[in-house]
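Look at TrEMBL and you will find A:98-303 tagged as domain 'ABC transmembrane type-1'. Taken from TrEMBL, the feature transmembrane segment covers A:12-33, A:102-122, A:134-160, A:180-199, A:242-264, A:284-309.
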């Protein structure tokens, strides 16, 4: 088997193993949580008989290992269980929420990733000069401010004062794409600002690292313009570290979006999770945790795969 | 103003330096250099490191590396002073009229792009050729430069071709836009001698066939004698001598040039094997972990006390691996190491402190072999503490003795490595090895990174110390001139095997095996027409076979 294929298979297998381990952690974490699910469903006034009945119904009397494999078996078949509080099928409920979260994350990524890379390239081109310093200062300042504060400031100016876009971003199926985009424009902007700095700084550092190479001098001595050198010669050799940080930030856009969703009351995964944590709805928390973990592991796996593929020595063996 | 292709007048170049503990300031590194190159002629720029050769070469492209700035003088290319041109004009000059071949093609090719794209890039960018024309021309150049499969080699990535092939690709890159002038910056220095000769010939023929002019920068006078019409000798940014190649080689006027021409003044008589050998390597076979390929195959060599065994070979021959096996860094899969009357443990962890003391090493890069934050005194004093428990005044006395032995004074005791020259650093490393009073020192390419005159001094010192301390040297090198200078016995290595082994005189006398013959005949000689002679001989031989 060629080295490249072997590395890729290895990496994917590792990702799956990691996901399996995380599923154990999530399950273990939720059963050691204090309190009793049956108690929290039925309330303080429940009779012991009712509690015992419910526990049996929920399978809470089985040993944890049995419950774990029962749960995992369900997950593998796409059955995430039913929410304790509402009795709804979790998979159906999450499906819609996840779609909304991904919709928001997609547009934020679509704007922030190219913008971050472009700003990184510009910062390298004018390194140690004013464009570099301005870009660094602004992006660093924006990452230093808590995101909910940025969100409220943005709502105050763009929604309350200028009335450009709504502050409550409820979207539904009957809206057209344009309407949806208009609705989510402020949260997308806030998310972009939040993830921009990290990606831009890493792009700048990765490319500067490569700019010391002898082949950059070769390109300069071909009479190429500096921006072309950065784009055509330096960037292809910095893809691996850049993709890594991009994927980390994309994962953050899906997983870390909780605060923004709550601020804008956006009907996504984050809000769904927060709601059910407060209601102690264990199956929902487990399902959300597993999906977040899968997104994180999946995106990082993609980053590693791109890094492996971007290495010409592996792509074109001797 | 001039009919010359390149005319440099009173060129002055400065650089910003950052000395430790001082404020950064500007210094002048090239002090008024003038020379001319006519169309189709080759000028050799020669000098030791720090002479300013590369800096001067790059000034023909109005380029300064790092903090280097051209501070004065004129550089006329095709009748215009490029130091007065704007950036746009300079860009049009670079990669079009004047192109560049660097020392390390492996580093100068972008690893992420195909060779063809990089070779044709400048021609297309400068509007000299269309993509199709440029590619056709590149294939033509690949063929002319003797590259295998010229039609398709351009589709490969740099790591997919060998070092010598890549250096030829770099030459193709420089010649592709039909430049008027090519700056060759040590284009064969990083290559093995047997590869160097082919690349040298390819470059020479390409220069002749295309009628391009060239600046040929090197520290190796024997090499420059083969390709140049004129030679400019430089030292510390000053012109020493400027004349035709014939005059410089056969009738050098300046003392410095004479020293360069006649370097290798050592004449070391081979010593007879005396008593019991201090080192006996028996049937050693070794491979690196996770590979299924033997890098050493059944090696048998001996070294007698107070003598020098030179292990010579090209990159990949296994000579450094042999050193790793002897020092215990790489346990052999078979065979044993007999040292000073006992068998050494194959593994480093199994060796006693006495084993370690009696077997010392000196490395190629003195820079990286010393802790930059320790003074010379600390560096040399460390083995004295470790092996002999010396302290205070006693230790200091011994350090001064050792400094004296390496011909450096007591004033160096508190200096840091950064304050020393390359030769001095290597001397400190020698003193550190000697401090342990070893029976054997493994010298791994200890003079390869040094200028010829400095290297000569180090070799003399080593021979001197060998007499005093009665220490044996295992001298690993790719440089046959060094071998001739200091060895008592020689082992020639090729692809993990010792192909020739014996006393110096025997090994260096005919009849030769094929590989030793190739190796010996590939060492450039300081003689005009040597290159053509060797190539002609080889063609005759291959026609005869």
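All positions are counted from 1 along the displayed chain.
Glycine too: its Cβ is placed from the backbone N, Cα and C atoms.
Using a Cβ-Cβ cut-off under 8 Å and counting only residues 6 or more beyond its ends in the same chain, the transmembrane segment (A:284-309) has close neighbours at 4, 7-8, 11-12, 15, 18-19, 22-23, 26-27, 29-30, 71, 75, 80-81, 83-85, 90-91, 93-94, 98, 239-240, 243-244, 246-248, 250-251, 254-255, 269, 272-273, 276-277, 315. Under 8 Å from some Cβ of the transmembrane segment (A:180-199) lie the Cβ atoms of residues 103-105, 107-108, 111-113, 115-117, 119-120, 139-140, 142-143, 147, 150-151, 154-155, 158-159, 164-167, 169-171, 242, 245-246, 248-249, 252-253, 257, 260-261, 263-264, 266, all in the same chain and six or more residues away from its ends. For the transmembrane segment (A:12-33), the residues of the chain that approach it from at least six positions outside its boundaries are 64, 67-68, 71-72, 75, 280, 282, 285-286, 289-290, 293-294, 297-298, 300-301, 305, judged by C-beta separation under 8 angstroms. Sequence-distant contacts of the transmembrane segment (A:242-264) (same chain, six or more residues past either end, CB-CB distance under 8 Å): 101-102, 104-105, 108-109, 112-113, 116-117, 120, 147-148, 151-152, 155, 167-169, 186-187, 190-191, 195, 198-199, 202-203, 206, 270-271, 273-274, 292, 295-296, 299-300, 302-304, 306-307, 310.
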